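Engineer: The structure follows.
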């Protein structure tokens, strides 16, 4: 076997990989089956037969999505709305998680499939049944199916759009007929929206021919009945993350008062932040360490998992959004689906202010697709002409909108010179503005040493607008929320600080009072080898060090427990390549020497500083080359390699450096070394947690 791993070790490793995969999938299925949220089911009748639902609801087009973080769902819904607006089609848009597909060959309409790739070429967790069905479909079993497909992936990963390509391969083998080209969005290149627009334009031309469609001027038709109500009741949402937290509901707890899950995208846990501190502060950057207490729930996590943190929008951005659309935040409204295959996107009834603060993603970049949809609501002819031009010209859109980091309100105020967009219906905003999604952070604690506490390490995004020096700074929604909490928790008067944005820290009905936020744990395959004697190479600059702090704390706790039990355990070599700009932003600087002492010399840390005064820039990939002999020996002795951090630059640079190390160490070509790196990734010995 290659790289010093014998047959027994390889068998154990393969079993481990399979076990982790099964655990992740099993957990998703278990969570789906255990959920008691009635809004999760897309069809009110509970019918899971996809062909029957399409037929019974008189649909003439089907859009399916398999989404891990909500992006595929967002684009599927955009596409569905355009089919309705331009061609008056009766479209069903559905999550594959909610249906069975044995009758897929009997679906009498064309199907569009939007599918995200998760991890190492995997299908999203909710697509277990869909993946199983298409991968086991026999030749000719889907010969009646006509479909098109759009994949969402990241080219910095080894298996770029792997799920979409796998789905397309198996659908084709089963006889399904693909219409048009396979679309591939590349988040790694930052071109997801433009990739979608190019694919969508080509597919619409195909559909015009296939279905003999006549395009009409886009006209918004809501999927919901919108009703204004008069009074607030206990059953009305004021921004609660799910209906479970309304006063009219009772949370599910055991005899000890522990809140029971499952906790996931549909129902997060409201976790107290018991401690937060600033790791460093400079003129342009801050880093916050936050500790979330999970002891009031039955949530379990493993070292290497991610914590999903649900933010609310900053008060300044909420006010800006309300102003440009001339909306009254106190207006109470309800939404009722006009179609049984459609679900309400968030708890209603609610107020306009609550929806905008808690449920809609109002601070993100605006898309050309949204501009195209907004043309019908332009406040005057000049603005309509501008919108039309920008929605069709991606280069001009990039110059005027994207490069300036405009959100929706910024862009519309810029285009209309401050004129209100007061003819835009609230239903349009609900259906066109993306839903708020959680932000995922690599957990920086160990489940062995902090069993019921999760640590998160976050750089606060806050920088001047590069194109508009007089504009407000560009800010990250969740990281600035964590900074607001850190200051308040440490008795700093926020009113006296120069913060770029502020938040309602109490939340709906004071649900978030005393520093709480909605969270859930997302399982990861980013795991230490089960054999403690296995060598480990960790590479993580900046906040990419977060999971490795968890890894090392795990090894410290393990070694201490073994010593207490009288066991003499020998740890394999653990080396961490860490990078920071300078000594001022060296994360957890005081902790690492203590870990080295406790691990009896089995832990070594190598630091690269990229911005020390009067010195050459040094990055982690440079340090890998400096330690080439040691790195090669460790890999040859079966080391596991872990990389965490920036996908575009660092992760590629690290991969290139390791290819060079293997090429020189084994006296093989670069291509051969590249194939060896691919083998390591496939076997689970080279793992990445990158963004």
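Here the Cβ of each residue, glycine as well, is placed from N, Cα and C on the backbone.
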Engineer: From the candidates 199, 691, give the one listed by Swiss-Prot for the same FAD site as 439, 440, 441, 442, 457, 458, 459, 476, 477, 478, 479.
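Structural biologist: Looking at 199, 691, the one Swiss-Prot places in the FAD site next to 439, 440, 441, 442, 457, 458, 459, 476, 477, 478, 479 is 691.
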Engineer: According to Swiss-Prot, which residue among 166, 625, 666 is annotated as ubiquitin cross-link?
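Structural biologist: Among 166, 625, 666, the residue Swiss-Prot annotates as ubiquitin cross-link is 666.
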Engineer: So Swiss-Prot lists 285, 610, 611, 617, 618, 619, 620, 621, 646 for NADP(+); which of 363, 534, 543 goes with them?
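Structural biologist: Given 285, 610, 611, 617, 618, 619, 620, 621, 646 bind NADP(+) in Swiss-Prot, the matching entry from 363, 534, 543 is 543.
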Engineer: Just to be sure I understand the packing, how many Cβ atoms besides its own are within 10 Å of the Cβ of residue 78 (FMN binding site)?
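Structural biologist: Neighbour count, Cβ to Cβ under the 10 Å cut-off: 25.
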Engineer: Comparing the binding-site residues 156, 457, which residue's C-beta has the most other C-beta atoms within 10 angstroms in this structure?
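Structural biologist: Its Cβ has the most other Cβ atoms within 10 Å: 457.
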Engineer: Just checking a number: largest C-alpha distance across 439, 440, 441, 442, 457, 458, 459, 476, 477, 478, 479, 691 for the FAD site, rounded to a whole Å.
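Structural biologist: Comparing all Cα pairs, the maximum is 17 Å.
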Engineer: Of 459, 477, which of the binding-site residues has the most Cβ neighbours inside 10 Å?
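Structural biologist: The most densely surrounded of these binding-site residues is 477.
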Engineer: What three-state secondary structure does DSSP assign to residue 441 (FAD binding site)?
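Structural biologist: SS state of residue 441 (FAD binding site) = strand.
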Engineer: Which ones in the same chain are close to residue 621 (NADP(+) binding site), with CB under 8 Å and 6+ residues apart in sequence?
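Structural biologist: In sequence order, 650, 653, 654, 656, 657 meet the Cβ cut-off.
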Engineer: Give the three-state DSSP assignment (helix, strand or coil) for residue 78 (FMN binding site).
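Structural biologist: The residue in question, residue 78 (FMN binding site), is helix (DSSP, three-state).
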